[in-house]
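Some notes on the structure that comes next.
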Amino acid sequence: MTMTTPLADAMSQLVIYDSLTGRKQAFKPLATGKVGMYVCGMTVYDYCHIGHARVMVGFDMAVRWLAQLGYDVNYVRNITDIDDKIITRAAENGEEIGTLTQRFITAMHEDATALGCLSPDAEPRATDHIDEMQQMIETLVSNDYAYAGDNGDVYYAVDSFADYGKLSKRNLDDMQAGSRVEVENDKRNPFDFVLWKAAKPDEPQWASAWGQGRPGWHIECSAMSTKCLGNTFDIHGGGHDLQFPHHENEIAQSEAATGCEYARNWMHVGFINVDGEKMSKSLGNFFTIRDVMAKYLPETVRFFLLSSHYRSQVNFSDSALDESHNSLSRLYQALKVAEQQKGKVLIIDEALINNAYASAVGQDFIKAMNDDFNSSTAISVLFGLARDINKASKAQDVETAWQLAQHLKALAQTLNILQQPVQQFLQAVIGEVAEDSLTDEAIDGLIIERADAKTNKNFARADEIRVQLKEAGIELEDSRAGTTWRRA
(Lines of atoms letter the chains of each structure in order from A and count residues from 1; the text may use other names and numbers.)
(Lines give C-alpha, C1' and ligand atoms only; values in the text may rest on other atoms or scores of the structure.)
Protein backbone atom coordinates (compact mmCIF):
# COMPACT_ATOMS: atom_id res chain seq x y z
CA MET A 1 0.00 0.00 0.00
CA THR A 2 1.32 3.46 -0.90
CA MET A 3 1.84 5.87 1.99
CA THR A 4 -0.04 9.14 1.69
CA THR A 5 1.48 11.01 4.64
CA PRO A 6 3.84 13.98 4.18
CA LEU A 7 6.66 11.58 5.13
CA ALA A 8 5.98 9.13 2.28
CA ASP A 9 8.81 10.47 0.13
CA ALA A 10 11.11 11.20 3.07
CA MET A 11 11.68 7.52 3.84
CA SER A 12 13.88 7.12 0.77
CA GLN A 13 15.85 10.31 1.48
CA LEU A 14 17.43 9.25 4.78
CA VAL A 15 21.24 9.21 4.80
CA ILE A 16 23.33 7.74 7.63
CA TYR A 17 27.02 8.14 8.33
CA ASP A 18 28.57 4.68 8.24
CA SER A 19 31.64 4.30 10.44
CA LEU A 20 32.85 1.42 8.26
CA THR A 21 32.96 3.36 4.98
CA GLY A 22 33.65 6.71 6.66
CA ARG A 23 30.95 8.55 4.72
CA LYS A 24 27.26 9.29 4.64
CA GLN A 25 25.26 6.91 2.50
CA ALA A 26 21.65 6.45 1.50
CA PHE A 27 19.92 4.11 3.92
CA LYS A 28 18.71 0.98 2.14
CA PRO A 29 17.37 -1.66 4.51
CA LEU A 30 17.57 -5.35 3.71
CA ALA A 31 13.78 -5.68 3.70
CA THR A 32 11.53 -2.93 2.38
CA GLY A 33 9.91 -1.00 5.21
CA LYS A 34 11.73 -2.91 7.97
CA VAL A 35 14.81 -2.10 10.04
CA GLY A 36 16.83 -4.44 12.24
CA MET A 37 18.98 -2.51 14.75
CA TYR A 38 21.35 -3.89 17.37
CA VAL A 39 22.91 -1.63 20.00
CA CYS A 40 25.50 -2.76 22.52
CA GLY A 41 23.97 -2.28 25.93
CA MET A 42 25.28 -2.00 29.45
CA THR A 43 27.46 -4.23 31.60
CA VAL A 44 25.32 -4.22 34.72
CA TYR A 45 27.64 -3.91 37.71
CA ASP A 46 26.97 -0.24 38.61
CA TYR A 47 24.58 2.63 37.96
CA CYS A 48 24.58 4.00 34.42
CA HIS A 49 26.63 7.15 33.85
CA ILE A 50 26.01 10.17 31.65
CA GLY A 51 27.90 8.52 28.77
CA HIS A 52 25.41 5.66 28.85
CA ALA A 53 22.63 8.25 28.81
CA ARG A 54 23.97 9.63 25.55
CA VAL A 55 23.88 6.19 23.94
CA MET A 56 20.38 5.54 25.29
CA VAL A 57 18.98 8.86 24.09
CA GLY A 58 20.90 8.88 20.81
CA PHE A 59 19.57 5.56 19.62
CA ASP A 60 16.12 6.24 21.05
CA MET A 61 16.06 9.34 18.84
CA ALA A 62 17.12 7.26 15.83
CA VAL A 63 14.49 4.60 16.48
CA ARG A 64 11.76 7.23 16.88
CA TRP A 65 12.72 8.93 13.61
CA LEU A 66 12.85 5.64 11.70
CA ALA A 67 9.40 4.81 13.04
CA GLN A 68 8.15 8.31 12.16
CA LEU A 69 9.31 7.73 8.59
CA GLY A 70 7.17 4.60 8.52
CA TYR A 71 9.70 1.86 9.17
CA ASP A 72 8.85 -1.19 11.27
CA VAL A 73 11.87 -1.16 13.59
CA ASN A 74 13.12 -4.20 15.49
CA TYR A 75 15.34 -2.58 18.12
CA VAL A 76 17.57 -4.97 20.06
CA ARG A 77 19.83 -3.87 22.92
CA ASN A 78 21.68 -6.53 24.87
CA ILE A 79 22.54 -6.79 28.55
CA THR A 80 25.96 -8.09 29.58
CA ASP A 81 25.22 -9.91 32.83
CA ILE A 82 28.43 -11.96 33.07
CA ASP A 83 31.79 -10.20 33.00
CA ASP A 84 34.99 -9.77 35.00
CA LYS A 85 33.75 -6.47 36.45
CA ILE A 86 30.48 -8.05 37.54
CA ILE A 87 32.28 -10.94 39.23
CA THR A 88 34.66 -8.57 41.01
CA ARG A 89 31.89 -6.22 42.21
CA ALA A 90 29.74 -9.09 43.50
CA ALA A 91 32.70 -10.46 45.44
CA GLU A 92 33.46 -7.02 46.90
CA ASN A 93 29.83 -6.66 47.99
CA GLY A 94 29.47 -10.22 49.25
CA GLU A 95 26.46 -10.37 46.93
CA GLU A 96 25.13 -13.06 44.62
CA ILE A 97 25.89 -12.21 40.98
CA GLY A 98 22.25 -12.63 39.94
CA THR A 99 21.11 -10.29 42.71
CA LEU A 100 23.69 -7.67 41.74
CA THR A 101 22.89 -7.74 38.04
CA GLN A 102 19.12 -7.66 38.54
CA ARG A 103 19.46 -4.67 40.86
CA PHE A 104 21.34 -2.69 38.24
CA ILE A 105 19.14 -3.88 35.38
CA THR A 106 16.16 -2.46 37.27
CA ALA A 107 18.05 0.80 37.88
CA MET A 108 19.03 1.01 34.20
CA HIS A 109 15.40 0.63 33.13
CA GLU A 110 14.34 3.32 35.60
CA ASP A 111 16.97 5.71 34.25
CA ALA A 112 16.03 5.04 30.63
CA THR A 113 12.34 5.58 31.36
CA ALA A 114 13.06 8.85 33.18
CA LEU A 115 15.03 10.03 30.13
CA GLY A 116 12.01 9.37 27.92
CA CYS A 117 13.47 6.38 26.09
CA LEU A 118 11.41 3.64 24.50
CA SER A 119 12.07 0.09 25.66
CA PRO A 120 13.92 -2.08 23.13
CA ASP A 121 11.85 -4.69 21.32
CA ALA A 122 14.25 -7.33 22.62
CA GLU A 123 16.77 -7.16 25.44
CA PRO A 124 18.72 -10.45 25.42
CA ARG A 125 20.86 -11.28 28.43
CA ALA A 126 24.20 -12.96 27.84
CA THR A 127 23.58 -15.75 30.34
CA ASP A 128 20.45 -16.81 28.43
CA HIS A 129 22.41 -17.44 25.21
CA ILE A 130 25.41 -19.52 26.24
CA ASP A 131 24.42 -22.30 23.79
CA GLU A 132 24.45 -19.91 20.81
CA MET A 133 27.85 -18.59 21.88
CA GLN A 134 29.30 -22.08 22.14
CA GLN A 135 27.90 -23.02 18.73
CA MET A 136 29.54 -19.98 17.13
CA ILE A 137 32.86 -20.75 18.83
CA GLU A 138 32.69 -24.36 17.62
CA THR A 139 32.16 -23.12 14.06
CA LEU A 140 35.15 -20.78 14.33
CA VAL A 141 37.40 -23.54 15.69
CA SER A 142 36.24 -25.98 12.99
CA ASN A 143 37.02 -23.43 10.26
CA ASP A 144 40.47 -22.59 11.70
CA TYR A 145 39.53 -19.08 12.80
CA ALA A 146 40.00 -20.01 16.45
CA TYR A 147 42.09 -22.37 18.55
CA ALA A 148 42.15 -23.82 22.04
CA GLY A 149 45.08 -23.06 24.31
CA ASP A 150 46.59 -25.50 26.76
CA ASN A 151 45.16 -23.42 29.60
CA GLY A 152 41.56 -24.17 28.56
CA ASP A 153 40.93 -20.76 26.98
CA VAL A 154 39.79 -20.52 23.36
CA TYR A 155 41.17 -17.65 21.25
CA TYR A 156 40.22 -16.01 17.98
CA ALA A 157 43.17 -15.94 15.58
CA VAL A 158 43.17 -12.41 14.17
CA ASP A 159 45.70 -13.39 11.47
CA SER A 160 43.08 -15.72 9.99
CA PHE A 161 40.68 -12.88 9.11
CA ALA A 162 42.03 -10.86 6.19
CA ASP A 163 39.78 -7.86 6.85
CA TYR A 164 40.67 -7.45 10.52
CA GLY A 165 40.88 -3.72 11.25
CA LYS A 166 38.52 -2.57 8.49
CA LEU A 167 36.13 -0.81 10.88
CA SER A 168 38.72 1.00 13.01
CA LYS A 169 41.04 1.58 10.02
CA ARG A 170 43.88 -0.25 11.77
CA ASN A 171 46.47 -2.38 10.02
CA LEU A 172 47.35 -5.55 11.89
CA ASP A 173 50.98 -5.51 10.73
CA ASP A 174 51.39 -1.93 11.94
CA MET A 175 49.71 -2.79 15.22
CA GLN A 176 52.08 -5.70 15.77
CA ALA A 177 55.14 -3.64 14.84
CA GLY A 178 54.27 -0.94 17.35
CA SER A 179 52.94 -3.27 20.01
CA ARG A 180 54.30 -3.46 23.52
CA VAL A 181 51.77 -6.15 24.39
CA GLU A 182 53.45 -9.17 25.93
CA VAL A 183 52.27 -12.36 24.25
CA GLU A 184 50.48 -14.68 26.65
CA ASN A 185 51.88 -18.19 26.63
CA ASP A 186 48.85 -19.68 24.91
CA LYS A 187 48.33 -16.90 22.35
CA ARG A 188 49.77 -17.10 18.85
CA ASN A 189 49.44 -13.35 18.35
CA PRO A 190 49.29 -10.66 21.04
CA PHE A 191 46.04 -9.34 19.51
CA ASP A 192 44.25 -12.68 19.53
CA PHE A 193 41.28 -12.35 21.85
CA VAL A 194 39.49 -14.77 24.09
CA LEU A 195 36.24 -16.44 23.02
CA TRP A 196 35.93 -18.84 25.94
CA LYS A 197 37.54 -18.44 29.36
CA ALA A 198 38.51 -21.49 31.35
CA ALA A 199 36.77 -21.78 34.70
CA LYS A 200 38.27 -20.26 37.82
CA PRO A 201 37.28 -21.14 41.39
CA ASP A 202 34.14 -19.43 42.68
CA GLU A 203 33.21 -18.00 39.25
CA PRO A 204 30.10 -18.79 37.19
CA GLN A 205 30.82 -21.55 34.68
CA TRP A 206 29.18 -23.68 32.04
CA ALA A 207 30.13 -27.04 30.53
CA SER A 208 31.61 -26.90 27.03
CA ALA A 209 33.66 -28.89 24.53
CA TRP A 210 36.74 -27.15 25.99
CA GLY A 211 35.89 -27.79 29.61
CA GLN A 212 34.10 -25.70 32.21
CA GLY A 213 34.20 -21.98 31.59
CA ARG A 214 32.37 -18.85 30.50
CA PRO A 215 32.17 -16.75 27.33
CA GLY A 216 34.35 -13.79 26.45
CA TRP A 217 32.69 -10.40 26.04
CA HIS A 218 33.01 -10.05 22.27
CA ILE A 219 31.38 -13.37 21.37
CA GLU A 220 28.33 -12.47 23.44
CA CYS A 221 27.20 -9.69 21.10
CA SER A 222 27.95 -11.66 17.94
CA ALA A 223 25.84 -14.57 19.12
CA MET A 224 22.95 -12.51 20.49
CA SER A 225 22.68 -10.16 17.50
CA THR A 226 22.69 -13.10 15.08
CA LYS A 227 20.10 -14.93 17.18
CA CYS A 228 17.76 -11.92 17.27
CA LEU A 229 18.31 -10.34 13.83
CA GLY A 230 19.96 -12.93 11.58
CA ASN A 231 23.40 -13.18 9.99
CA THR A 232 23.11 -9.71 8.43
CA PHE A 233 21.11 -6.78 9.74
CA ASP A 234 20.70 -3.09 8.99
CA ILE A 235 22.26 -1.05 11.80
CA HIS A 236 24.76 -1.86 14.53
CA GLY A 237 25.38 0.85 17.09
CA GLY A 238 27.12 1.74 20.30
CA GLY A 239 29.44 4.24 21.89
CA HIS A 240 32.54 5.40 20.01
CA ASP A 241 34.70 3.69 22.64
CA LEU A 242 33.40 0.31 21.44
CA GLN A 243 34.60 0.72 17.86
CA PHE A 244 37.89 -0.94 18.75
CA PRO A 245 38.34 -3.59 19.85
CA HIS A 246 34.77 -4.68 20.59
CA HIS A 247 33.03 -3.96 17.30
CA GLU A 248 36.12 -4.84 15.28
CA ASN A 249 36.16 -8.22 17.00
CA GLU A 250 32.44 -8.71 16.48
CA ILE A 251 32.90 -8.28 12.73
CA ALA A 252 35.79 -10.75 12.68
CA GLN A 253 33.85 -13.38 14.63
CA SER A 254 30.51 -12.99 12.91
CA GLU A 255 31.68 -12.77 9.30
CA ALA A 256 34.07 -15.68 9.78
CA ALA A 257 31.33 -17.79 11.37
CA THR A 258 28.54 -17.04 8.88
CA GLY A 259 30.32 -16.05 5.68
CA CYS A 260 27.94 -13.07 5.48
CA GLU A 261 28.29 -9.33 5.87
CA TYR A 262 27.60 -8.61 9.53
CA ALA A 263 25.97 -5.15 9.63
CA ARG A 264 25.05 -2.87 6.74
CA ASN A 265 25.55 0.37 8.70
CA TRP A 266 27.67 1.17 11.75
CA MET A 267 26.66 4.08 14.00
CA HIS A 268 28.81 5.35 16.87
CA VAL A 269 27.85 7.93 19.48
CA GLY A 270 30.53 10.48 20.41
CA PHE A 271 32.33 10.84 23.72
CA ILE A 272 31.20 13.01 26.62
CA ASN A 273 33.86 15.08 28.35
CA VAL A 274 33.30 16.75 31.71
CA ASP A 275 34.49 20.35 31.90
CA GLY A 276 36.84 19.64 29.01
CA GLU A 277 38.33 16.45 30.45
CA LYS A 278 37.56 12.80 29.83
CA MET A 279 35.07 11.49 32.37
CA SER A 280 36.89 9.29 34.87
CA LYS A 281 36.34 8.13 38.42
CA SER A 282 40.02 8.77 39.14
CA LEU A 283 39.58 12.44 38.16
CA GLY A 284 36.53 12.80 40.37
CA ASN A 285 34.36 13.94 37.44
CA PHE A 286 32.30 10.77 37.05
CA PHE A 287 28.53 11.34 37.13
CA THR A 288 25.79 8.76 37.10
CA ILE A 289 22.51 9.51 35.37
CA ARG A 290 20.95 9.63 38.83
CA ASP A 291 23.49 12.19 40.02
CA VAL A 292 22.56 14.46 37.14
CA MET A 293 18.79 13.95 37.41
CA ALA A 294 18.95 14.78 41.11
CA LYS A 295 19.96 18.29 40.05
CA TYR A 296 18.24 18.73 36.68
CA LEU A 297 14.88 17.72 35.26
CA PRO A 298 15.12 14.52 33.16
CA GLU A 299 13.73 16.35 30.14
CA THR A 300 16.48 18.95 30.50
CA VAL A 301 19.08 16.16 30.40
CA ARG A 302 17.44 14.66 27.31
CA PHE A 303 17.31 18.08 25.65
CA PHE A 304 21.00 18.64 26.42
CA LEU A 305 21.93 15.32 24.83
CA LEU A 306 19.84 15.98 21.72
CA SER A 307 21.18 19.51 21.28
CA SER A 308 24.40 18.15 19.76
CA HIS A 309 24.75 15.80 16.81
CA TYR A 310 25.01 12.24 18.09
CA ARG A 311 28.48 11.73 16.55
CA SER A 312 30.00 14.90 17.97
CA GLN A 313 32.05 15.14 21.13
CA VAL A 314 30.07 16.87 23.89
CA ASN A 315 31.28 18.79 26.92
CA PHE A 316 29.20 18.16 30.03
CA SER A 317 29.11 20.94 32.62
CA ASP A 318 26.68 22.69 34.94
CA SER A 319 26.66 25.72 32.68
CA ALA A 320 25.77 23.56 29.66
CA LEU A 321 22.90 21.95 31.57
CA ASP A 322 21.72 25.34 32.80
CA GLU A 323 21.72 26.61 29.23
CA SER A 324 19.69 23.59 28.12
CA HIS A 325 17.25 24.16 30.97
CA ASN A 326 16.77 27.78 29.95
CA SER A 327 16.39 26.89 26.27
CA LEU A 328 13.81 24.21 27.00
CA SER A 329 11.93 26.61 29.27
CA ARG A 330 11.75 29.18 26.47
CA LEU A 331 10.22 26.61 24.12
CA TYR A 332 7.62 25.69 26.74
CA GLN A 333 6.98 29.37 27.37
CA ALA A 334 6.18 29.89 23.67
CA LEU A 335 3.60 27.10 23.92
CA LYS A 336 2.16 28.67 27.06
CA VAL A 337 1.74 32.08 25.39
CA ALA A 338 -0.18 30.48 22.52
CA GLU A 339 -2.35 28.44 24.88
CA GLN A 340 -3.21 31.44 27.04
CA GLN A 341 -4.18 33.59 24.08
CA LYS A 342 -6.26 30.79 22.54
CA GLY A 343 -7.77 29.79 25.87
CA LYS A 344 -7.15 26.10 25.16
CA VAL A 345 -4.68 23.40 26.13
CA LEU A 346 -2.77 22.13 23.11
CA ILE A 347 -3.24 18.41 22.42
CA ILE A 348 -1.50 16.77 19.46
CA ASP A 349 -3.09 14.10 17.27
CA GLU A 350 -2.10 12.35 14.04
CA ALA A 351 -3.81 14.94 11.84
CA LEU A 352 -1.88 17.79 13.48
CA ILE A 353 1.37 15.82 13.11
CA ASN A 354 0.71 15.34 9.38
CA ASN A 355 -0.10 19.03 9.02
CA ALA A 356 3.13 19.97 10.75
CA TYR A 357 5.27 17.82 8.47
CA ALA A 358 3.44 19.11 5.39
CA SER A 359 4.34 22.70 6.29
CA ALA A 360 7.48 24.46 5.07
CA VAL A 361 9.00 24.34 8.54
CA GLY A 362 8.11 20.66 8.75
CA GLN A 363 10.08 20.05 5.58
CA ASP A 364 13.06 21.78 7.18
CA PHE A 365 12.72 19.47 10.17
CA ILE A 366 12.57 16.40 7.91
CA LYS A 367 15.65 17.57 6.02
CA ALA A 368 17.58 17.90 9.28
CA MET A 369 16.59 14.52 10.67
CA ASN A 370 17.17 12.77 7.35
CA ASP A 371 20.72 14.14 7.35
CA ASP A 372 22.17 11.47 9.64
CA PHE A 373 19.64 12.12 12.44
CA ASN A 374 20.78 15.72 12.93
CA SER A 375 18.77 16.52 16.04
CA SER A 376 20.82 19.66 16.67
CA THR A 377 19.65 21.28 13.44
CA ALA A 378 16.12 19.96 14.01
CA ILE A 379 16.03 21.70 17.39
CA SER A 380 17.11 24.96 15.75
CA VAL A 381 14.01 24.60 13.55
CA LEU A 382 11.93 24.37 16.74
CA PHE A 383 13.46 27.59 18.05
CA GLY A 384 12.55 29.32 14.81
CA LEU A 385 8.96 28.29 15.43
CA ALA A 386 9.10 29.58 19.01
CA ARG A 387 10.33 32.97 17.81
CA ASP A 388 7.52 33.16 15.27
CA ILE A 389 4.97 32.23 17.95
CA ASN A 390 6.18 35.07 20.14
CA LYS A 391 6.02 37.53 17.23
CA ALA A 392 2.48 36.48 16.34
CA SER A 393 1.41 36.64 19.98
CA LYS A 394 2.85 40.11 20.38
CA ALA A 395 0.89 41.19 17.30
CA GLN A 396 -2.25 39.62 18.83
CA ASP A 397 -2.46 37.21 15.86
CA VAL A 398 -3.97 34.44 17.96
CA GLU A 399 -4.72 31.96 15.16
CA THR A 400 -1.26 32.16 13.62
CA ALA A 401 0.36 31.70 17.02
CA TRP A 402 -1.90 28.71 17.69
CA GLN A 403 -1.09 27.03 14.37
CA LEU A 404 2.64 27.56 14.90
CA ALA A 405 2.36 26.14 18.41
CA GLN A 406 0.67 23.06 16.95
CA HIS A 407 3.58 22.64 14.56
CA LEU A 408 6.10 23.13 17.37
CA LYS A 409 4.63 20.49 19.64
CA ALA A 410 3.91 18.07 16.78
CA LEU A 411 7.46 18.16 15.43
CA ALA A 412 8.98 17.99 18.91
CA GLN A 413 7.11 14.77 19.67
CA THR A 414 9.50 12.88 17.38
CA LEU A 415 12.33 13.90 19.72
CA ASN A 416 10.09 13.25 22.74
CA ILE A 417 10.50 16.75 24.11
CA LEU A 418 7.85 19.42 24.85
CA GLN A 419 5.27 16.69 25.40
CA GLN A 420 4.47 17.45 29.03
CA PRO A 421 1.50 19.70 29.74
CA VAL A 422 2.98 23.19 29.88
CA GLN A 423 1.78 23.82 33.40
CA GLN A 424 3.26 20.52 34.59
CA PHE A 425 6.68 21.46 33.27
CA LEU A 426 6.51 24.94 34.77
CA GLN A 427 5.45 23.49 38.12
CA ALA A 428 8.53 21.25 38.01
CA VAL A 429 10.61 24.38 37.39
CA ILE A 430 9.00 26.00 40.42
CA GLY A 431 10.00 22.93 42.42
CA GLU A 432 13.59 23.36 41.30
CA VAL A 433 13.58 27.01 42.28
CA ALA A 434 12.06 26.25 45.67
CA GLU A 435 14.96 23.88 46.36
CA ASP A 436 17.36 26.76 45.67
CA SER A 437 19.19 24.70 43.09
CA LEU A 438 19.56 27.53 40.59
CA THR A 439 23.00 28.57 39.43
CA ASP A 440 23.77 32.11 38.33
CA GLU A 441 23.27 31.07 34.71
CA ALA A 442 19.84 29.58 35.49
CA ILE A 443 18.77 32.78 37.26
CA ASP A 444 19.90 34.84 34.28
CA GLY A 445 17.87 32.56 32.04
CA LEU A 446 14.70 33.09 34.09
CA ILE A 447 15.25 36.84 34.01
CA ILE A 448 15.50 36.69 30.21
CA GLU A 449 12.30 34.63 30.11
CA ARG A 450 10.61 37.21 32.37
CA ALA A 451 11.68 40.02 30.03
CA ASP A 452 10.28 38.09 27.05
CA ALA A 453 7.02 37.57 28.91
CA LYS A 454 6.74 41.30 29.57
CA THR A 455 7.46 42.09 25.93
CA ASN A 456 4.66 39.73 24.92
CA LYS A 457 2.36 41.36 27.51
CA ASN A 458 2.25 38.08 29.45
CA PHE A 459 2.43 39.88 32.77
CA ALA A 460 1.05 36.91 34.70
CA ARG A 461 4.06 34.80 33.73
CA ALA A 462 6.44 37.69 34.48
CA ASP A 463 4.98 38.00 37.97
CA GLU A 464 5.12 34.22 38.40
CA ILE A 465 8.86 34.21 37.69
CA ARG A 466 9.45 37.05 40.15
CA VAL A 467 7.59 35.10 42.85
CA GLN A 468 9.54 31.93 42.04
CA LEU A 469 12.84 33.73 42.37
CA LYS A 470 11.76 35.47 45.55
CA GLU A 471 10.86 32.11 47.10
CA ALA A 472 14.37 30.93 46.21
CA GLY A 473 15.89 33.95 47.95
CA ILE A 474 16.58 35.93 44.79
CA GLU A 475 15.68 39.64 44.82
CA LEU A 476 15.18 41.49 41.53
CA GLU A 477 15.72 45.19 40.88
CA ASP A 478 14.23 46.63 37.69
CA SER A 479 15.54 49.83 36.12
CA ARG A 480 15.68 51.46 32.70
CA ALA A 481 19.04 49.75 32.16
CA GLY A 482 17.51 46.33 32.77
CA THR A 483 17.10 43.91 35.65
CA THR A 484 19.75 43.07 38.23
CA TRP A 485 19.52 40.49 40.98
CA ARG A 486 21.12 39.47 44.24
CA ARG A 487 20.79 36.61 46.67
CA ALA A 488 18.99 37.71 49.82
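For all residues, glycine too, the Cβ spot is worked out from N, Cα and C.
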| Considering the Zn(2+) binding residues CYS40, HIS246, GLU250 given in Swiss-Prot, which of CYS117, CYS221 is annotated for that site as well? | CYS221
| request: State the residue range annotated as motif ''HIGH' region' by Swiss-Prot; the candidates are 42-52, 64-74, 295-305. | output: 42-52
| request: Could you check which of 108-112, 278-282, 373-377, 453-457 is flagged in Swiss-Prot as motif ''KMSKS' region'? | output: 278-282
| Positions on the same chain near the motif ''HIGH' region' (42-52), where near means CB under 8 A and six or more residues out | 79-81, 83, 85-86, 88-90, 100-101, 104-105, 107-108, 111, 239, 271-272, 274, 279, 286-290, 292, 316
| Once CYS40, CYS221, HIS246, GLU250 are set aside, which residues in the chain still have Cβ within 8 Å of the Cβ centroid of the Zn(2+) site? | TRP217, HIS218, GLU220, SER222, SER225, HIS236, GLY238, LEU242, HIS247, ASN249
| said: I need the least crowded one of these binding-site residues (CYS40, CYS221, HIS246, GLU250), counting other C-beta atoms within 10 angstroms of each C-beta. | reply: HIS246
| query | What mean pLDDT score does the motif ''HIGH' region' (42-52) have in the model? | reply | 96
| said: Taking DSSP as the reference, which of helix, strand or coil describes GLU250 (Zn(2+) binding site)? | reply: helix
